[in-house]
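Asks: Pulled the feature table from TrEMBL, pasting it below:
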TRANSMEM  25-43  transmembrane segment
TRANSMEM  49-69  transmembrane segment
TRANSMEM  105-124  transmembrane segment
TRANSMEM  136-153  transmembrane segment
TRANSMEM  194-215  transmembrane segment
TRANSMEM  235-256  transmembrane segment
Amino acid sequence: MKATAKTPIHVVWSWVRRQPPKVKAFLAVVTGMAALVLLRFIVHDHDNLFVAAEAVHSIGICVLIYKLMKEKTCAGLSLKSQELTAIFLAVRLYCSFVMEYDIHTILDLATLGTTLWVIFMIRFKLRASYMEDKDNFPLYYVLLPCVVLAVFIHPSTSHHILNRISWALCVYLEAVSVLPQLRVMQNTKIVEPFTAHYVFALGVARFLSCAHWVLQVVDTRGRLLVALGYGLWPSMVLISEIVQTFILADFCYYYVKSVFGGQLVLRLPSGVV
């Protein structure tokens, strides 16, 4: 039988898979930087990247809704991640109403509504399929540090102190909200397609959001950091965006690898996420 001809993408992917971890990490950094350069030239208004990030997040939630409605099961989903997501979206929505009302407010409202629906389905309608024993990430591990950080490191704008603390809290919570979901996947080692699509969508959204902030800083030659305030807050905004991206980078690598390998179910090696 004739061997199936490999496409250039498969050839490159096979070569990458054979490289040691340090080379893979270097290639990932180079690819990320190349993507940032590409986005800088093809997206003229970099604020659109933030809108795109919120839109991709909304698409990810829609994938979850489709899963819940079609398969009638919430197996593999983290209720705690959804609750953290609802908290930071609610806080960010409040900040949008009292500080600035724009397209982000509308997108956040839509995403919050769908997230609350997912929480309702997991808690009540599909409770029997919820893997509570796998969803064992203690929420106080992320909630308490985020609250403490928000109290001590927040914007230095002219808004009321509670609004500034709330703004900081939603930034910090968003950065770590996916950790319980990653714990569930780490415990199960097998991720079914819809959950994998959802988490990959989160990874893409995080990258677009991070790209938005990085390119805004580059375009303003650092003036954006001054506009955000003084002290540690401007740095914490960027660090939070970068942390979000790197938390999901490992999973996204295995997701892409699974897709190119033609696997319907994603199997994660030990130690991933």
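Just so it is clear, glycine is given a Cβ too, placed from its N, Cα and C backbone atoms.
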Asks: So which of 49-69, 136-153, 194-215, 235-256 is most in touch with the transmembrane segment (105-124), counting Cβ pairs under 8 Å?
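Replies: Result: 49-69.
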Asks: Using Cβ atoms and a strict cutoff of less than 8 Å, what residues sit near the transmembrane segment (194-215) while being 6 or more residues removed from its termini?
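Replies: Here the qualifying positions are 32, 35-36, 39-40, 46-47, 49-50, 52-54, 56-57, 59-61, 63-64, 66-67, 71, 76-77, 178, 181-182, 185, 237-238, 241-242, 244-245, 247-249, 251-252, 255, 258, 266.
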